[in-house]
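Everything below concerns the one structure shown next.
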Amino acid sequence: MSKFCLCLSLLGVLLLQVCDTRSLLELKIECPHTVGLGQGLVIGTVDLNPVPVESVSTLKLESSCNFDVHTSSATQQAVTKWTWEKKADTAETAKAASTTFQSKSTELNLRGLCVIPTLVLETANKLRKTVTCYDLSCNQTACIPTVYLIAPIHTCVTTKSCLLGLGTQRIQVTYEKTYCVSGQLVEGTCFNPIHTMALSQPSHTYDIVTIPVRCFFIAKKTNDDTLKIEKQFETILEKSGCTAANIKGYYVCFLGATSEPIFVPTMDDFRASQILSDMAISPHGEDHDSALSSVSTFRIAGKLSGKAPSTESSDTVQGVAFSGHPLYTSLSVLASKEDPVYIWSPGIIPERNHTVCDKKTLPLTWTGYLPLPGGIEKTTQCTIFCTLAGPGADCEAYSDTGIFNISSPTCLINRVQRFRGAEQQIKFVCQRVDLDIVVYCNGMKKVILTKTLVIGQCIYTFTSVFSLMPGIAHSLAVELCVPGIHGWSTIALLATFCFGWLLIPIISLVSIKIMLLFAYMCSKYSNDSKFRLLIEKVKQEYQKTMGSMVCEVCQQECEMAKELESHKKSCPNGMCPYCMNPTESTESALQAHFKVCKLTTRFQENLRKSLNPYEPKRGCYRTLSVFRYRSRCFVGLVWCILLVLELVIWAASADTVEIKTGWTDTAHGAGVIPLKSDLELDFSLPSSATYIYRRDLQNPANEQERIPFHFQLQRQVIHAEIQNLGHWMDGTFNLKTSFHCYGACEKYAYPWQTAKCFLEKDYEFETGWGCNPGDCPGVGTGCTACGVYLDKLRSVGKVFKVISLKFTRRVCIQLGSEQSCKTIDSNDCLMTTSVKVCMIGTVSKFQPGDTLLFLGPLEEGGIIFKQWCTTTCHFGDPGDIMSTPQGMQCPEHTGAFRKKCAFATMPTCEYDGNTLSGYQRMLATRDSFQSFNITEPHITSNSLEWVDPDSSLKDHINLVVNRDVSFQDLSENPCQVGVAVSSIDGAWGSGVGFNLVCSVSLTECASFLTSIKACDAAMCYGATTANLVRGQNTVHILGKGGHSGSKFMCCHSTECSSTGLTAAAPHLDRVTGYNVIDNDKVFDDGSPECGVHCWFKKSGEWLMGILSGNWMVVAVLVVLLILSIFLFSLCCPRRVVHKKSS
C-alpha cells in the first residue's frame, strides 16, 4: 500500500509540472456573422492545465471581459469533499485489500462552480447574463479544470477578445466569426438545425448531422414531481421499486457552438427526449476523458461508500476509488435528497448507474453527441476586387453568405476573416501582376485581368501628373493608357498631330546628320584601305627586284626603300633611323628604342602627304547635305502621311475577342456556305464550354435561296444516381489500462463500455509476480482490463456512392423556320429530316461505383474514392466510422492486445493495430486522391447533378447537315426580328467588359432561335443565343472590346439598332474578377475579319467620338498643333529669294 501511495505522489508531481508549461490558453467562441434579433446563446469551453487538489479551494474565476456576468462565479458554494485514503492502522507491509482504505468526507466552499441558479438562462434575451464557470476532473492529487463560457449571442457584436483567469492560469477569450449567416459550422458547411421535424417531409429536404451537446444541471425546488429527473432515467431503463430519487431539477443543454437552451426533460421536444435517453444510457457522458489522456492507465483501489454531507449518520453515496488519469467530472449532486447536496469526489468515480436504487448521484455537467436534422445554408458567389499596390496587387473578396473556401495559385491568402456589415471580407496580396490573377472562391473560378489593373494605374498616374487640368488629363489618359501596340499607336498618333511640325524637322535633322556621318566614315575607310594596299604592293615589288627589306643590324622589316636606306646608314653608327638620336648599335637596344620612338611612322606620313587628298564624291553625301528638311511642303506632306498610317495601325492593332477554350473544330468556310455536299462538324468540346454555330446555307443551284442555320450546344451536365451513405466521422483513438489487485474483471464497469465503438480484452487472475505490483495480495487474483474505444466523434463530410452516371448536353437547332431541341447523352442523337447531332463519347474521370466525399458545401468540390468500405470496415479504412439514419456504424479493431509486464510493477496494455482514423489517414495522403470541383449543384434523395467548371471532361460531338435540304420550303422564313438597345453597363476595352441589354421583338412566328450580337459601326465584340418568343424579349449580351468612340448597338444578322450607347471608360481603381465558366463559350458565325475598310471605319468612329466627347480635349489638341506650327515658323523661317538685278 505504501508503494501505491508513492505512485500517487509521483503522479501528482508530474501533473503539477505540466502547469508551468503553458500559462495562456485560448477559449474560442464561434459566432455567425449575422446576429439576429431572436434569442440565442453562444458557448465555448477549454481544458486547463492540472492544478493541485489542495489549491482548488482557493480558485476564483476572474474576468476582464465587459460582460454582464452572473454573480455565480464569486458566490461561495458549499460542497462535500469526498476522498479516500489508507487507513491509519494499516501496516506498511500490508497488502492492498478492500479493508485497507477508507473514505473521508469534509465540508468546504468553492467559488465559480457550474452551479447555475434557476431563471438565469430561462429569461428573455435582453435580460440574459453571461455565465462563466468551471468543472473539475480530479484524481487524488490533481484536478483538470474545464472552463465554460455561456453568453448571449449579442456579445458577438460587442466583444472581440478578453481575458479570464482561474488561479495562476490565464484564458484568452477569442470571438471568431464564421462564414455562416446564422448556422453552425459543421463539416465545413453552415448547418441550421430544425427544431421540429415533420415525419411526412421528404428526407432529401433535410440533412442529419451529429453535433456535440453540453448540459448543466440546475436544481429547482418545486411541487412538480415531473422534475424528479432520476425517476425519468429509471423509467427509461425500466427500473422500478426505487424510492431514493427525490432530487428535483433539470438539465439545460446547448447544441454545438450556438443555440437556444434546451431543457431536459421536455417531452414535447424530440431533442430533449433524445438527450434524456442518452443520459440514461451513458450516465457519465459520451466524452470519457480529456484530449491529452487518450492513452493512459489507472488503478482501481475498490468500491467504497461515504457520507454526503459529512454530518450524515449513515453512508449516502458510493463509488469506485481509483488512481491515475482522471476520467469524468468529479462534481455531482446527490440524487436521494430533495435539497441539493453537491459532492466533490477527487479520486472517486461516483455511482451514476440509474439501474441502482441507492447512493447514486447525478453529474453536474454532461457532454454527449446528438444527431440532428437540419438544412444547409445556401451559398452565394464571391465578388473580388483588386488594386495595384507596389509591385503586386491588393485584393478583397466579398460574399453575402460567407466565404467557405478561397484559394489562389498566384496570391497569398492568409485566411484572416473580417465582416463588413452583412458581408464577409477577406483581404489578400498577390505578389505578381505579370500573369492574370486566378482565385477559386466558393466553388467558382475568378480571373482578374492584370492588364486592366495596369491601365487603371496608368490613368491615375497620368491624371496626377497633370492635376491642374484633371478633366482634360483624365480624358487623354483614357485614350493613351491602352496596353500593347494599340496604346503605342495612340500615343504616336496624338504626338504626331500635336507636335509633328516640330518633331518631323528635328528627327529629319538628326537622321540626316547620322547618315552623313556614316557616308563619310564609309568613304574614309575605303581611302585608308587603298593606301595600305598600295604600300603592301610597293613592298612586294621591291622584294622581288632588290631583295630583302629587313635591316641587317636591328632586324626591323621596312615598308619602303627610303626607310631601308635610312636603316643602313644609321643603325651601324648607333643612331635611330627615324629620330636620328644616338643609341647603341645592337639589335636589342635599337628595338627597345623603336618602342618609345614617336617618329616610326615618318616615312609613311611623307608618302601619304605626297598623294592627292581625298575629296568626297558629289553623289549621296552632297544630296544629304543640301536636303531641305525644313521645307513646309516636306513637313506637311510627311505629317499627313504619318497621320493616315498611324490611324490604320491604330485600327488594325485593336484587340479582338479571343477564344481560349481548348476546343478543336474542323469546320471551314465563310458566313455563307454553298451546300454542295453535306456540312459536317466533328470536334471535341470541354465540359464547361458552350458552342454556338451559325451559317447561311446557300443553294448551289440558286444563289438567291438561303436558309439560316443556327446550332447551339449547352455546357455539359453530369447526372449521377447516388446512394447516400451518411456522414463520415472522425474520432479520437483511446487505449486504456485498468488494473485492480483482487476480484474478477466483471466486478467493475469500465469507461469504454458505454462508448459507441469499443473493444475490450481482460487478463484475469494473474499467475505470477511478474505482472503484479508488490502491494497486491498475491498471485491468482486481480484483473488487467485492456480497452480501446473511440470518442470525441465529429462529422467531417457527406458521402455518396455513385450508382450510375449520365453526361448530357442540351442541343438546339434552327433550320429556317424549323426548330428542334433535345437533351442528349453519350451515344445519343438529335435527328430531324435534314440534321443529325450526336454525342459520340465522353472522356471522364468518374465511373459507376465511385464514392464521392464532400468535406464542405457541394460547391467546394469533393474527393473521389475508388475503394470505400460499406460492410466490414476496419479502423483506418475510408468509411470506417459512419453516422447513418440507422445509427452509428463502428469499425472493427483488427489489432491485438499485449500486456506489458515487469516484476512487481503494475502492467500496462499495448495495442499493435492502427491508431489513426480513416479521416486522419486520408488527410496524410490527400494528394493521392482525385479531386473535382462542382458548379450549379442540384441534389435530391437519390440523384446529384452538377456542372464541371474545370473543363476536365471532354465530349466528342458530330454534326451533319444533309445537302438534300428543301431550299424551296425553308428559304422563305416568315420570322421578323427587330432589335433596339435598352441600356449598357460596364466599360469598353478588353479588360472588364460590358453588359448590353437589348429589346428584341419577334413577329410572324411563335418562336425563333437566333443570335444577337453587340457591335459598333466597325465590328462586333460579343454575342449570345436567344430563343425568342412572339412579342418583346429582353436579351443580355456580355462583350469585351471597343474604344472610347464605340457606340454599341444590338445587331441581328446584318441589321442593327438605330441607336447605340457608349460604355464607361476602363479607369475603375478596383477591377472586378469574372467567372471563367461564364466566358467559357465558343461562338462561330463565319463572319469575315476586320479589313482595311473596317479599319478606316473604326478610326473614323474613334475620331468622331473624341470630337463629340470632351470638347476641351479637342481644343487643347488644336492649340498644341497651332503652337507647334508657330514654333516651327520661328525656328525654320521661310527662305528669302533674292531676285537678280537686271
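Glycine residues also receive a Cβ, built from the backbone N, Cα and C atoms like all the rest.
Annotated disulfide bond per Swiss-Prot: Cys65-Cys162, Cys138-Cys143, Cys180-Cys190, Cys411-Cys430, Cys458-Cys481, Cys757-Cys890, Cys771-Cys901, Cys829-Cys838, Cys869-Cys873, Cys998-Cys1050, Cys1015-Cys1020, Cys1051-Cys1056 (among others), in sequence order. Annotation source Swiss-Prot lists domain 'ITAM' at 617-640. Here Swiss-Prot flags Asn139, Asn353, Asn405, Asn933 as N-linked glycosylation site. Per Swiss-Prot, signal peptide is recorded for 1-21, and the stated evidence type is sequence analysis. Swiss-Prot lists 511-633, 1132-1142 with the feature topological domain 'Cytoplasmic', giving sequence analysis as the kind of evidence. The transmembrane segment annotation in Swiss-Prot covers 490-510, 634-654, 1111-1131 and rests on sequence analysis.
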Q.
Using the alpha carbons only, what distance in Å do you get between Cys458 (disulfide bond) and Cys65 (disulfide bond) once rounded?
A. 49
**Q.** Cys458 (disulfide bond) in three-state DSSP notation
**A.** helix
Q. Where's the emptiest Cβ shell within 10 Å among the disulfide-bonded residues Cys143, Cys869?
A. Cys869
Q: Across all the protein chains here, work out how many other Cβ atoms are within 10 Å of the Cβ of Asn353 (N-linked glycosylation site).
A: 13
Q. Across all protein chains in the structure, which of the glycosylation sites Asn139, Asn405, Asn933 has the highest Cβ count within 10 Å?
A. Asn139
Q | Those recorded positions of Cys190, Asn405, Cys430, Cys873, Cys1015, Cys1050 having Cα within 10 angstroms of Cys1056 (disulfide bond) | A | Cys1015, Cys1050
Q: Measure from the Cβ of Cys890 (disulfide bond) and count the other Cβ atoms within 10 Å, all protein chains considered.
A: 20
Q. Relative to the Cα of Cys190 (disulfide bond), which of the recorded positions Cys138, Asn933, Cys998, Cys1051 has the closest Cα?
A. Asn933
**Q.** Structural state of Cys771 (disulfide bond), classified by DSSP into three states
**A.** helix
Q) Do you know offhand how many angstrom separate Cys829 (disulfide bond) and Cys65 (disulfide bond) by C-alpha? A) 69
Q. Any idea what DSSP makes of Cys143 (disulfide bond), helix, strand or coil?
A. strand
Q | Whole-number Å value for how far Cys1015 (disulfide bond) lies from Cys1051 (disulfide bond) (Cα to Cα) | A | 7
Q.
Here's one to test understanding: among the disulfide-bonded residues Cys180, Cys481, Cys757, Cys869, Cys998, whose C-alpha is closest in space to the C-alpha of Asn139 (N-linked glycosylation site)?
A. Cys757
**Q.** Integer Cα-Cα distance in angstrom, Cys411 (disulfide bond) to Cys873 (disulfide bond)
**A.** 41
Q | Sequence-distant neighbours of Cys873 (disulfide bond) in its chain (C-beta under 8 A, six or more apart) | A | Gly879, Asp880, Met882, Gln889, Pro891, Glu892
Q | Residue pair Cys1050 (disulfide bond), Asn405 (N-linked glycosylation site) - Cα distance, angstrom, rounded | A | 39
**Q.** Where Cys1050 (disulfide bond) sits in the secondary structure, as DSSP reduces it to three classes
**A.** strand
Q) At the level of the C-alpha atoms, what whole-angstrom distance separates Cys757 (disulfide bond) and Cys869 (disulfide bond)? A) 17
